[in-house]
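What Swiss-Prot says about this protein:
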type: ACT_SITE; residues: His15; note: active site, proton acceptor
type: ACT_SITE; residues: Asp118; note: active site, charge relay
type: BINDING; residues: His15, Ala400; note: anthocyanidin binding site
type: BINDING; residues: Thr140, Ala360, Gln362, His377, Trp380, Asn381, Ser382, Glu385, Glu401, Gln402; note: UDP-alpha-D-glucose binding site
Amino acid sequence: MGDVIVLYASPGMGHIVSMVELGKFIVHRYGPHKFSITILYTCGSIVDTASIPVYIRRISHSHPFISFRQFPRVTNNITRNISVPAITFDFIRQNDPHVRSALQEISKSATVRAFIIDLFCTSALPIGKEFNIPTYYFRTSGAAILAAFLYLPKIDEQTKTTESFKDLRDTVFEFPGWKSPLKATHMVQLVLDRNDPAYSDMIYFCSHLPKSNGIIVNTFEELEPPSVLQAIAGGLCVPDGPTPPVYYVGPLIEEEKELSKDADAAEKEDCLSWLDKQPSRSVLFLCFGSMGSFPAAQLKEIANGLEASGQRFLWVVKKPPVEEKSKQVHGVDDFDLKGVLPEGFLERTADRGMVVKSWAPQVVVLKKESVGGFVTHCGWNSVLEAVVAGVPMIAWPLYAEQHMNRNVLVTDMEIAIGVEQRDEEGGFVSGEEVERRVRELMESEGGRVLRERCKKLGEMASAALGETGSSTRNLVNFVSSIT
């Protein structure tokens, strides 16, 4: 079987896709004669979806050099009043024996050159060491978030109080290399509540990043603030010990698959042909990720702001969440679009706007000549897709580490305009604020400057993956460390 690189994905489609993209990049550079890729993944998580096996079959068929090994089903230890992340982290730990047996079995017929794990799979780090396999982390975030996560154990050490970050409304924290401080309430969602077991899990994960052989990051050097890269390289983020090598190998983005011929395929094709008829850089695209969702009251404010702005738009609307305070929905359940939007909105904006339900082919949309701006939840994959397409953003974070991303996009990278959210109202944004930010991006001189900057970054993104690009060079350095 020769040399193999083993990747271990956290539960959930997004994590598996990211590992696949990394595997593809390695093999496309070196060829399957140099390395094969084996991806380990779990079975039975509460975040599993029916789309995962479909995706894996497709990748196995189109990329035979990538093999998948699914672990036996493990039952979630669901306890009342425990958060979904805490349940998931416990579930991952229960899979440790399967990690050990998989590495043992693979090692019988191949040389495992590297074991690359997701941050949430940190309990597998000592297992890799047990087999004397160089073990690396793969971070699907920017360098600024990596800097923050490396430094988080230090902040935990300095703030040994009984208060949670979510309650420290007047407190801000500084991270090495960041231009501006971060509100305590805007910390990564996993650490907001000190009483949630996910808090101590996250501190444990972050404290183990420096104990790996290195960290591979889905970003590219030219995108990142030099002060952040210097802070990481100079050891400022891990003041009490050495920082491992960091390899920036992005932007790694999933290739847009063909539009599925489902019941909604015609609508998706309609939105692409509609975009083709619009003037250059005139359309604002609004999409909040695969799970981002708003209650009906917020949807109405967005609609009012879009209508008042007078701008062209393509807006992906998801079904409002069942729980009013939630900002996530799973799946693409059908719903009555007219019922969640202001009466007559669709008719009044029909000449300059289009609303689609649940999903649009985002990578394809962002690359359309007519798209001139992107309202995003600041998920890192979406950010990279916009950067590659050269499209400036309006940053509207919802959950996870998205508030941290917003800070960096607006202040450090200067590629986005931030919306003003009412933290005391769950991040609510008024229709007037929507109109103001839309006009700022699409009409103002500041928006034009942002657009020019993003266009140049798009060219740099392409160059980074080229033969002499920074990300290719960093991949070569990573491979040199394992061969």
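Each Cβ is built from the backbone N, Cα and C atoms, and glycine gets one as well.
Annotation for Glu401 (UDP-alpha-D-glucose binding site): same-chain Cβ neighbours under 8 Å, separated by at least 6 residues, are Ser141, Ile145, Val188, Gln189. In the three-state DSSP scheme, Ala400 (anthocyanidin binding site) falls into the coil class. Trp380 (UDP-alpha-D-glucose binding site) and Ala400 (anthocyanidin binding site) have their C-alpha atoms 11 Å apart, to the nearest angstrom. Inclusion criterion for the recorded positions His15, Asp118, Ala400: a C-alpha placed within 10 angstroms of the C-alpha of Thr140 (UDP-alpha-D-glucose binding site); this criterion is met by His15, Asp118. Counting only same-chain residues six or more apart in sequence, the Cβ atoms lying under 8 angstroms from the Cβ of Gln362 (UDP-alpha-D-glucose binding site) belong to Cys287, Ser382, Glu385. When the alpha carbons of the residue listed as 'active site, charge relay' and Ala400 (anthocyanidin binding site) are compared, the span between them is 16 angstrom.
Comparing Ala400 (anthocyanidin binding site) with His15 (active site, proton acceptor), their Cα atoms are 14 Å apart once rounded.
Asp118 (active site, charge relay) carries a strand DSSP state (E or B).
Maximum intra-site Cα distance, UDP-alpha-D-glucose binding residues Thr140, Ala360, Gln362, His377, Trp380, Asn381, Ser382, Glu385, Glu401, Gln402: 23 Å. In sequence order, Ala9, Asp118, Phe120, Thr140 make up the list of same-chain residues 6 or more apart from the residue listed as 'active site, proton acceptor' whose Cβ falls under 8 Å from its Cβ. According to DSSP, Thr140 (UDP-alpha-D-glucose binding site) is assigned to coil rather than to any helix or strand. Here the Cβ of Asp118 (active site, charge relay) has 23 other Cβ atoms within 10 Å, regardless of which shown protein chain they belong to.
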